[in-house]
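Chemist: Following this message is one structure expressed as structure tokens.
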Amino acid sequence: MPSPGPRGRSRLQGYGWRSSQAFIVFTAILGLFSETFLFAFIVPILSYMVEVRLQLPYNQTQWITTAMLTAQGFISMISAPIIAHFADKTPNRRTPLLLALLGCLVGTLLLAICSSLWMLFVGRIIQSVSGSAGWIVAFATITDNVASDHAGKVLGTAMSFVTAGLIAGPVLSGALLRLFGYWAAWAAPLILLGLGFVARLIMVEKNDVQTASSAGTSTLDEEQGSEETDWVGEEEEVANEETALLPKLSLAESPPPTTAEFYRIILSDMRIVTGLLNIVVFAVILSAFDTTVPLHLQHLFSWNPLLIGMIFLGLQVPGMILGPVVGWLRDRVGLRYPSTTGWVLMALLLWLLGIPGSGLGWIDDGTKGQIVFIVGVVGIGTVSPLIRGAGMLQLVGK
């Protein structure tokens, strides 16, 4: 990032650390952590909200939960391309980040004070749209400010914080609800959103510096520009047999592709299609765990909610620890071999999860079956970092 002029630096107090790569990346990662924290925060307390606050029958909790998750995924799928289109047209990343944070704040407040079912869904939908915006702009901010030879490590660290948000959200919401009550539980996401808002206000980007220093440098630029124009004009008058007949076209003169052409170009690139498939399939697998594993374990092993929650820790904690290591590995050897290895191991481990209770061989639904299932889940959590984030790196071309 170029250094601003004296006037620009005087107008931007603390420019050095506010515009540093470390602080900008920290702000983006804090945004990713906040979005996943909010996504998972409501899961343990949703039944309390439906049955106690809304006073709906117990048998409606399941379909409300399913409908909320389905609506959230559908809204995110529809809104993400639209958000990305407008995010590319904004002059900086800070403004979209602030708007996404404000949307999350509005959605969170609606969820906290909801007194009817429609408020519950509206709040979650607003959270979904704002969360998609936060994800898109946060990842764009990281790729804008990190060199390609360090992208793997930084994105690996970012995905570790994403996993930490998925773990911390339900743990804190359940514990705070049980120990301190409903409103104390909702104080945690509101405080987190407040910290993110302050960090994003403090963050200074390149465009902010250029705007602040433009007044002091415009006259100098005009003088230099006129001198350069005279010099170029003199050079263009001199021609010989080696001079090209047609002038060279600069890249700036070629018109940018339209929206339709852009999507046609990227969707015809097999590397981009592969990256998209990597993201979609991995997301489907993780979503399937959320909807099927609790009922499966309760039916097969008669596990209580505490044990079921522990199995999800086995799914997430290894990835949080190994994320930076896998990022370093990608920077050294690329994406192909780690991702291929991860998918092969994932297929074998998913097959292993289906063995307990199937009557196959010596593995039953008793102690042996439980051990096999736990090993399979921890194994999936261990190989997940090899897959998670690979599609994103492929899309940004790092």
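A Cβ is built for glycine as well, from the same backbone N, Cα and C atoms used for every other residue.
What TrEMBL records for 220-234 is compositional bias 'Acidic residues'. The domain 'Major facilitator superfamily (MFS) profile' annotation in TrEMBL covers 24-398. Positions annotated as region 'Disordered' by TrEMBL: 213-234. The transmembrane segment annotation in TrEMBL covers 21-43, 63-84, 96-119, 125-142, 154-177, 183-203, 272-289, 301-329, 341-363, 369-387.
Let's see these features in context: how buried, what's close, how far.
Modeler: Residues of the same chain lying 6 or more positions beyond the ends of the transmembrane segment (21-43) and with a Cβ under 8 Å from any Cβ of it are 1, 49, 97, 100-101, 104, 108, 111, 124, 127, 131, 134-135, 137-139, 141-142, 145-146, 154, 157-158, 161-170, 172-173, 188-189, 192-193, 195-196, 199-200, 202-203, 205.
Long-range contacts of the transmembrane segment (96-119) within the same chain, counting only residues at least 6 positions beyond its ends with a Cβ under 8 Å from a Cβ of the stretch, are 27-28, 31, 34-35, 38, 42, 49, 53-54, 56, 64, 86-87, 90, 125-131, 133-134, 137-138, 141, 183, 186, 189-190, 193, 196-197, 200-201, 203.
Long-range contacts of the transmembrane segment (154-177) within the same chain: residues 25, 28-30, 32-45, 48, 139, 142, 146, 184-185, 187-188, 309, 313, 316-317, 319-321, 323-328, 330, 385, 388-389, 392-393, 398, each at least 6 residues beyond the stretch ends and with a Cβ under 8 Å from a Cβ of the stretch.
Only residues 6 or more beyond the boundaries of the transmembrane segment (183-203), in the same chain, are considered here, and those with a CB under 8 A from a CB of the stretch are 14, 18-19, 23-24, 26-27, 30-31, 33-34, 37-38, 41, 45, 94, 97-98, 101-102, 104-105, 108-109, 111-112, 172-173, 176-177.
Counting only same-chain residues 6+ beyond the ends of the transmembrane segment (301-329), those with a CB under 8 A from a CB of the stretch are 152-160, 163-164, 166-167, 170, 289, 293-294, 338, 365, 369-370, 373-374, 377-378, 380-382, 384-386, 388-389.
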Chemist: Given a Cβ distance threshold of under 8 angstroms, which distant residues of the chain, six or more beyond its ends, lie next to the transmembrane segment (272-289)?
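Modeler: Same-chain residues near the transmembrane segment (272-289) but 6 or more away: 69, 73, 266, 312, 315, 339, 346, 350, 384, 387-388, 390-395.
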